[in-house]
Amino acid sequence: MYGSDKAGDDAERTAFRKAEKKYKLYYEDNSKSSKKKKLPKQVDLSEVLDFKSISESYNQTGDLPPGIVAVNCGFDRPVFGLENHPGFYFIPGALTLEEQCQWIRESLTNFPQPPNRTNHNVIYGPISNLFVAAKEGKILVEEKSDDCLDSKSSDIVSNGDAQRWKFYEEDSAKSRGKTCKSVSASVLLRKLRWSTLGLQFAWSKRNYDVSLPHNKIPDALGQLAKRMAQPAMPIGEEFRPEAAIVNYFALGDALGGHLDDMEVDWSKPIVSMSLGCKAIFLLGGKSREDEPLAMFLRSGDVVLMAGEARECFHGVPRIFTDEENAEITPLELQFSHADDHCFLEYIRTSRININIRQVY
């Protein structure tokens, strides 16, 4: 679902696609000097809804911009909705700084662990301890015979074929020259785009494959999702976390306009948590021709989409990784300890989204 800019002329683009193009990261043309650092083109952000500012103003004056409503649901912090999008809820700053750091750590160390599947499975099979391997500078090496590497490895990866992949220390991997295919763990970490928790989603079939091995949603994440889902839940019902998709965004990544329509009961919300660099989120209508609203998503924000909002196209055309716009200084301070250096380096240029679903 990660977007690319392959559309034709503006006249052939839908309203949603035009909005994606408007906010997408483009660079200034400085082809005359290839040595100059590429500068991002300026983007007009004046029409982007800023729920952080809206919440601050609402707390002070009680006033809200046209089209935005305060949701009275007994929640312990302000919850906002949109008059024209029933079932959509925005909870700015819903996660504490400690919770944000906790789920960033989990998203990088535990959530990509087998039996959870990632985008790397199709090529490398299940990969264990990717974050640790990247931290230690290891190399993933393909082994088809005893001719490749004969020293002991730290992990073995199998994708079900004759091929086997192992993590090796850099010196051991390089000593064999080019006799085996290899890729560094740090590159694989940077190319991690999604992992699935709980019931596993089969992307090629666009459904949940209950036959795939899986663990239940971690209890702590499930309890958090239940608490956050309350504003969007029917009275007297409790959210049941059964599956989650974790999306990993790097500079220039985009999540194209799509629907989350594979769950049985759309009255139950998708609970979507933002971590890391600030992003722009687009919420459209039931057709791609409906002009979408743009809004900022910051680390700690939670979005709920239930009912009619589940039928609306939505996507993420842009993340901000520059110091001025990323707005991650509190996270940087929290990850300032030497043991957290790898988390700090990752989150400075990345965004993580955890979206939890009730499937049945």
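Glycine is treated like the rest: Cβ placed from N, Cα and C.
Here's what TrEMBL has on this protein:
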| type | residues | note |
| --- | --- | --- |
| DOMAIN | 240-360 | domain 'Fe2OG dioxygenase' |
| BINDING | H258, D260, H314 | Fe cation binding site |
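According to DSSP, the secondary structure content of the domain 'Fe2OG dioxygenase' (240-360) in residues is 25 helix, 47 strand, 49 coil. Those residues of the chain, other than H258, D260, H314, with a C-beta within 8 angstroms of the mean position of the Fe cation site C-beta atoms are G257, L259, D261, C312, F313, G315. Of all the binding-site residues listed here (H258, H314), the one with the fewest other CB atoms within 10 A of its own CB is H258.
All chains included, 17 other C-beta atoms sit within 10 angstroms of the C-beta of D260 (Fe cation binding site).
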